[in-house]
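Noted in TrEMBL for the protein shown:
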DOMAIN    16-462  domain 'Major facilitator superfamily (MFS) profile'
TRANSMEM  53-70  transmembrane segment
TRANSMEM  82-101  transmembrane segment
TRANSMEM  139-163  transmembrane segment
TRANSMEM  169-188  transmembrane segment
TRANSMEM  200-219  transmembrane segment
TRANSMEM  225-249  transmembrane segment
TRANSMEM  269-289  transmembrane segment
TRANSMEM  301-327  transmembrane segment
TRANSMEM  339-359  transmembrane segment
TRANSMEM  365-393  transmembrane segment
TRANSMEM  405-425  transmembrane segment
TRANSMEM  437-458  transmembrane segment
């Protein structure tokens, strides 16, 4: 993607990326914030374990509902605006939890914290809109990896605070960090000029919320309610029925919450499927390794360590995940994000293989977790690149949010399946058997292999179709990244080509700011994109300068398309009041 110079200038500071990455880590910390305290909450709050489980479940449910809704609103009214909303919810939830002395207020606070989960895909989308191509790949990889980094670093930090201070300090610390990030975002992160416009799909939002809440409640509570109980089965049935009705609505409403036609593009669909199994693989480690480390040595396989040591064992993995983000970007630049994701899957499988075969010493699990984290860092850095290369820029936030939701579903399935196995395969002492832990690790490796197989079906290169009719120019611009057969995306870090088309977008003689200007080849491939400056001026850089091109301009619901022909730099001024005649392409 290329943007007009004024837009690029606002995001040239390295602080832009650093602040967004810090925001991502801050939000992901809340995933593991209460993990060390889960066994202690019944005593601390005087409540039954089944009731205190809602401290975790409430966050999961609100996150699942909020992520796609926040993503769609961000595309409509502004990504920075919704990012600030996420931070405000994080701060508010943390303060409510910090002030709580009983179960219900704590659940409310955790539910508010869950509303902030959509921040990471928003940060990725802002980067796409604001950063030049040569910086985008590494920045997106870092932002995507922040999801795992915060989770890995949060466990030892939370364990340390829980052992040395009152548990309320956890939430005061989260609130303070949230305030710091909020101030930094206000000062250093610009608002994107990209807007999708239109009306918000309220029916779609309610339908998706009902389906997701039903599904996740059944998955997370099935083991305690009984998988065959009337409540669990009813929730699964409701989830399926509502999801089918929701899909029917989304395909027929003119402005859907989730564009299922875009989501069904092979590259997007397969990447989202791979995200589910990768979410499973990532979370399986977090469920197994702390328990193995803390079980007494009398079991014959437990390592008898404290919860703080268990957290510290996973901390190097979080740092390695962050370190792998630039590596992921470089591999994607050289070979494409498909290759990067497949390589990450192989590394994750190897890491789980190490853990399954060797887990009799602390250093065995440190080594295994580091290898797994490196693979996840590679894969998570590649996923947004695959998604963004296949969706229009006006759907970036919604598409990234859906991908983030798929990862969250994977972690939910991991929690349910691993929890079921560890609760079923137990020894005479009541602790999970060594075989149960090994089985979960093998499932983690199997999930990575499944992701590898899925990504093998994403083609390396497209075979472009013949040019579509000029009358479909605007529609073709929206689908430009994946016309016909799904392409292997060009690396996000590819060098910027020389200027190809420049001019001014006007309406009634006045320059139009924020107009999206796209150049498409006659084969249907998007070659470049820009956003007009405050005076309406734009410059699009693109490859293949000798090939015919289609110029498509959009602003505030108005569209303009015209053919371009010939080599060399072209100048085109566009008046949105007067649709261009579409001559026969050269």
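Just so it is clear, glycine is given a Cβ too, placed from its N, Cα and C backbone atoms.
For the domain 'Major facilitator superfamily (MFS) profile' (16-462), the model's pLDDT averages out at 86.
Ranked by number of Cβ pairs under 8 Å to the transmembrane segment (365-393), the listed stretches 82-101, 169-188, 200-219, 225-249, 301-327 are led by 301-327.
Tertiary proximity for the transmembrane segment (53-70) is limited to same-chain residues at least six positions away from its ends with a CB under 8 Å from its CB atoms, namely 30-31, 34, 38, 41, 82, 85-86, 103, 106-108, 110-118, 121-122, 205, 208-209, 212-213, 216-217, 220-221, 224, 257-258, 398, 401-402, 404-405, 408-409, 412. Two recorded stretches are said to be in contact when at least 3 C-beta pairs lie under 8 angstroms, sequence spacing 6 or more; the transmembrane segment (405-425) and the transmembrane segment (169-188) fall short of this definition. Within its own chain, the transmembrane segment (139-163) is flanked in space by residues 17, 20-21, 24-37, 40, 120, 123-124, 127-128, 131, 169-170, 173, 282, 286, 290, 306-308, 310-312, 314-315, 317-319, 321-322, 324-326, 328-329, 332, 373, 376-377, 380-385, 388, 404, 407, 492, which lie at least six positions past its ends and keep a Cβ under 8 Å from the stretch. Contact counts against the transmembrane segment (269-289), taken as Cβ pairs under 8 Å, peak for 437-458 among the stretches 82-101, 169-188, 200-219, 301-327, 437-458.
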